[in-house]
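Visitor: One structure is given below, represented as structure tokens, and several questions about it will come after.
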Amino acid sequence: MKVGGLLASAGINIGLCVLFLSLYSILRKQPSNVKVYFGRRIAEERNRLRDAFILERFVPSPSWIVKSLRCTEDEILDAAGLDAVVFNRIIVFSIRIFSLAAILCILGVLPLNYFGQDMLHVRIPSASLETFTIGNVQERSRWLWVHCVVLYIISVVACVLLYLEYKHISRLRLCHISRATSNPSHFTVLVRGIPKSSTESFSRTVQGFFTKYHASSYLSHQVVYKVGKVQKIVSGAKKVYRKFRHFKGTAVDQRCRSITFQCCFCGASSNSFQLLPIDFEQESEIPNVNDSSFSSTDEECGAAFIFFKTRYAALVVAKILQTSNPMRWVTSLAPERDDIYWSNLWLPYKQLWIRHISTLGGSIVFMFLFLMPVTFIQGLTQLEQLQQRLPFLRGILEKNYMTQLITGYLPSVILQIFLYTVPPTMMLFSTLEGPISHSERKKSACCKVLYFTIWNVFFVNVLSGSAISQVIALSRPKEIPMQLARAVPVQATFFTTYVLTSGWASLSSELMQLFALTWNFIRRYILRMEEDDLLYSFPYHTEVPKVLLFGLLGFTCSVLAPLILPFLLLYFCLSYVVYRNQFLNVYCTKYDTGGLYWPIAHNATIFSLVLTQIICLGVFALKKSPVAAGFTVPLIIFTLLFYQYCRKRHLPLFKTFPAQNLIDMDMEDQQMGRTEDLHHRLHNAYFQFPDTDDIPLEGVHSVGRDEDGSGTSGESSRKESADDELSHPTLDGLPVSRLRNAVRSLGSVLRPQRRELAV
């Protein structure tokens, strides 16, 4: 690829970034888009903006950038949790290390690569990008020691920064644990693989086991029930019922009549609903939970939540083997209530190992199926082979601008389109594995996406990119290091355009929230639906692998092809601003892993460093520089020793909770007199179907009917009673009290769980 092709790709992506950033600064000011770009803040503050015409709304401004830069780490921690802080620290680490690498490599390595051979240099726009790589340096060159010294500096500084970040995040994790004094998950253990008895229920079996073997610390238990369909009904009814919180102080019409609305495109009308004439409160009966005809034994699952008197007791029970059969009475610390993936708790524990093997096999098959589009994409970067395989394109490829477009922009765009299918597929595989929490499922998907992208974006492009006919090189593992040494400098041009397309453009798309913006427009102006909160959790399983992949490309190309570093550094600086803004305004944190994404980032960074050193070792060997190659071997050993030290020093804090901290928290609770209150809260912490009595509807006024059927106003419109027939201000006749009673009735069906909590 010529420098002109790289400049064409950079120009296209810079233009798109400027356009999207300008549009974002305008669209975020529009009242109709406030729930798209401020979903988290609106959900917390419940503010309503008035739709007033202000000229400033239509003028681009950098105010959001200033607010994002002024935000502190503590504010991000309070708003989005520890996982957001960890993600932010990954970006900060990348900015620091690649700022140093850019200064050293652009000023020291790049000139040596460009003037590495005695040749006539053409104008830079017409020069090949390979002249800026280490491949342009002569064999036995006395300047290769500069590359080795720069490699040493980057590796040592990266290890120091990694250690400091690991230490800082470990301290934040300990603070995160200590601050959660009322977190019920610290007292709760999830037990699976409960043996089924023919004479007694799961609840009696659990109670008998823990009162016998853990009598001093056992408090109570909660059996998991398999009632998925009822759960959906209750959740849907509660979701509708909560909508009426927003209409405080609003006079609504109780007169019941069916209404219609028209679609703005086709003009067709549709009845919103039709109210049945049956009085729900008189005809319906709340089922009696003590009725002998009702039995929840058949719906019990082989899993239960066990509550203990202290945090330390729960930790001990979660980490020890309960019986001589490891497949029975399997214990682990319970996730938080909002983090539980209830449907997977119903899976038999004996199925999990089969599910793990099946999903691993499916992931591997999917990775190899992805070789076909990657091989096709690499054909676009090699014009000679493309002209041989498709002769009818020779006339088109002779045009300079078409050559720059096909080789500089099109391959990375096509690859990015195919990569959009990877996160949903890996999330599906992670779900089938049977994780017990949403955060565990997302973390598993994050690892799968990371492995997939490193393999298909880096290794497959490198090993098969120098020549499509050399795909068989993957079957010769001993030759892979030398293949990497030959191919990485050649493929560095593709990686540079990939950073521009997948990096810059994806940040613009993330900032614009194109999917949410489009759905908001369709919902408001086409479907004429009522407003609802657009709340999403941050997609760590897509963004963490993307950032770590760019880190891998930066390390491997820093010494070999340093021209990628300015574009990569600009990506990390822009991502620092964009993601901080998204954490503060857009994404709502529903659950948190407590910083468990950092070990993934640490391992990926160490892998990137070792891979870079191995590739440089192969390059030095190809360039016949024994001194540089000899000094690279101790660097590899030092990096691996540093990795082992971090595993022993910091990683155990991310695998479990320290007993010292938990015991100190238990002693503090006893001294402050909080123990009884915490034990009382545990009884309500893990109900599958919490009561709906806590849904407030204060301040909503209804305009009801008199006995003669006529509408009333005045005093009757200001009555606030639990039995008032409330309705939506634009959808007349929706009876809220009937919906409320329906929710309570469904909840009472599931309330037999309470009987199992008494000890």
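Glycine is no exception: its Cβ is also placed from the backbone N, Cα and C atoms.
Residues or ranges marked as transmembrane segment in TrEMBL: 6-27, 97-116, 143-164, 360-381, 401-422, 449-472, 547-579, 600-621, 627-646. Annotated domain 'CSC1/OSCA1-like cytosolic' per TrEMBL: 186-344, in sequence order. Taken from TrEMBL, the feature domain 'CSC1/OSCA1-like 7TM region' covers 359-620. Sequence annotations record features per position, and here TrEMBL assigns region 'Disordered' to 698-734. Residues or ranges marked as compositional bias 'Basic and acidic residues' by TrEMBL: 716-727.
Could you tell me the structural context for the features on the list?
Guide: Below 8 angstroms of C-beta separation, residues 131-134, 136-138, 141, 143, 146-147, 150, 153-154, 157-158, 161, 554, 558-559, 561-563, 565-566, 568-569, 572 of the same chain, each at least six residues beyond the ends of the transmembrane segment (97-116), sit close to that stretch.
Proximity of distant same-chain residues to the transmembrane segment (547-579), defined by a Cβ-Cβ separation under 8 Å and at least 6 residues beyond the stretch ends, is recorded for 6, 10, 17, 65, 68-69, 87-88, 90-92, 94-95, 98-99, 101-102, 105-106, 109-110, 113, 129, 132-134, 147, 150-151, 154, 158, 450, 453-454, 457-458, 488-489, 492-493, 495-496, 498-500, 503-504, 507, 510-511, 600-601, 604-605, 607-609, 611-612, 615-616, 619.
Among residues of the same chain six or more beyond the transmembrane segment (600-621), those with a C-beta under 8 A of the stretch's C-beta atoms are 86, 90, 93, 134, 144, 147-148, 151, 155, 158-159, 162, 166, 443, 446-447, 450, 454, 481-482, 484-486, 488-489, 544, 548, 551-552, 555-556, 558-560, 628-629, 632-633, 635-636, 639-640, 642-643, 646.
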Visitor: Considering every residue in the domain 'CSC1/OSCA1-like 7TM region' (359-620), what is the mean pLDDT value?
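Guide: When the pLDDT values over the domain 'CSC1/OSCA1-like 7TM region' (359-620) are averaged, the result is 82.
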